[in-house]
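Taken from TrEMBL, the feature ATP binding site covers Gly117, Ser118, Asn119, Gly120, Lys121, Thr122, Thr123. Annotated domain 'Mur ligase central' per TrEMBL: 115-288, in sequence order. Residues or ranges marked as domain 'Mur ligase C-terminal' by TrEMBL: 310-421.
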Amino acid sequence: MKTQDFNNKKVMVFGWARSGKAAAKRLVALGSKVTVVNGGDFQEDSLYRQLLAEGVIFIAHDSPESLDASFAYLIKNPGIRYDTALVEKAQSLDIPVLSEVEVALSSFHGRLITVTGSNGKTTTTSLIRDMLIADGQSVITAGNIGTPVSEVVDDLSADDTLLLELSSFQLMGLPDIQPDIALITNIFANHLDYHGTRENYVAAKFQITKNQSSNQMLVLNADGQDTNSFAAKTRAQVMTFSRKTIGSISSTDGQDLIIDDNHLMALTAIKLVGPHNLENILAATTVAKLAGVGDQAIKQVLKIFGGVPHRLQYLFTNNGIQFYNDSKATDIEATQTALNSFEQPTIWLGGGLDRGDDLMRLLPNLKHVKVVIAFGETQQKIVALAREAHKPIITVLDAEHAVPVALQLAESGDVVLLSPAAASWDQYQSFEERGDKYVAELKKVLRL
C-alpha cells in the first residue's frame, strides 16, 4: 500500500477531539512539525503540555489565515465538513486533506481488513473480531468503532490483523487505503447533510476499494442496489453474501446458515435476533472465512454473541417481558428493521431530533406494536403516525420518562423496545447517553 511521508513535514491538525489528539501525537512521533488548530480553547491536559514541550504549536481558532502553502498536509477531524473555510483553503492550495487513519496506516504493514456501510458496521466488525480471536488469530479493532488507529498501531506487528470500522467521513480522507479484505455491508442514503447527494455518499464508500488490486478481496451484499456498480468498478476479487441467493459464500435458506454450500447451523441456534442482524452475521461470516477462520470458531461465536450496546441489544427478561435497547437507531431504516424483528406485542419507545424525515414511512412496520410512547422533537410526528395506524399513543418528556409508563403497560410475553428513529442531540449528547440513561432507569425502577 502506498503511504504518505510525514517526516520533517509541516502538518496542520484541524480539531482537538480524540482523533485529533491521536493524530497530533502520532505525527510528532513520525517527525512532523505539527500545528493544531481548534474552533475554541484547548483543554490544557497532560497531552497538551507534553506536545507543547515537544514544539507543537496550538492555535485556538480555525481561521483560514493560519494555513499557507508551507504546510504539506491538513489532518481533519472526520466530523468537520469539507465546506468549512479552512478545509476549502487547503484544497485551493492543493494541500491533501487526510484523516487520522491515513497517518496511522503509514506505519502499519500487517493484514488490513476494513468494514464500512450505512448500517451494521459496528455489530459486523465486532463479530469478525470475535471470530478471528476464537480461531486463535491476533487482531486489534480500531477506527469508527471508538479507538483511533494511531492509539493502537504501535502494538501491532506484521503478523497481526488490523480490523477497521470506517465511516464515509473517514474514507474521504483515505486516498491511499488498500485493504486486503474490504467489506461494504449495505448502502442507504445517509448523511446527505454532509455529502450533499447520494452519489457523493456512494463515492465516499467506494473509496474503501478504489485502490485494491486483483489479489485483494471486496465483500458485497448481493441483495444491495449498488452491488453491481461496485463490482464493475473494483479491481478486487468480489465475494458476496445474501439473505436471498443460495450460492454466495454465506447465505441462508430461511432455516440454516449456509457457508460454501454447507449447512453450518440452524438459525434458531444463533443468539442475535432480527433480519438485519442475520445480514450482519452473513457479512461477518464471509469475511471470517476469507480470513481463514474455521467453522467451529464461527459457530462458537454465533451461539454466544449477544450484540453490541445500543444496537438492538437484548438487555434482559423480567416477569416475562423482554427489554431491548436500540438507541443507535438514529434513522428510519434502523427502526423499521428493529420493529420487523419481533412478532410479539411490542411497546415502542421512539423520538428524537427532527431532521425532516417522513416518519409515515414506519406505518407498515407497526403491525405488532401494542402501544407507542413518543418523546423529543419528533414527538408530534410520531403522534400523527400512531393515530394513522390506530395505535394507542402516549407522550412523555424523554427516554427515561418513557420507562415507568412502558412498565405499567407491559405484560408477560411483550417486548419493550427503545428504537428512536432519530438522532439524540435534541435531548442528549449522544445515542450512547440516551441508551445508557434508558437502561439505568429500567434497572432503577425494576430494582435490578
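Cβ atoms are placed via backbone N, Cα and C, with glycine included.
Using the Cβ center of Gly117, Ser118, Asn119, Gly120, Lys121, Thr122, Thr123 for ATP, the list of other same-chain residues with Cβ within 8 Å runs, in sequence order, Val115, Thr124, Thr185, Asn186, Asn280. Within 10 Å of the C-beta of Gly120 (ATP binding site) there are 25 other C-beta atoms, taking all protein chains into account. Comparing Cβ neighbour counts within 10 Å across the binding-site residues Asn119, Thr123, the minimum falls on Asn119. Under a cutoff of 8 A between CB atoms, and with a sequence separation of 6+ in the same chain, the neighbours of Thr122 (ATP binding site) are Asn144, Ile145, Glu165, Val308, Arg311, Lys328. Across the domain 'Mur ligase C-terminal' (310-421), DSSP helix (H, G, I), strand (E, B) and coil residues number 36 helix, 29 strand, 47 coil.
Neighbour counts of Cβ atoms within 10 Å were taken for the binding-site residues Gly117, Ser118, Lys121; the minimum is at Ser118. For the domain 'Mur ligase C-terminal' (310-421), the model's pLDDT averages out at 97.
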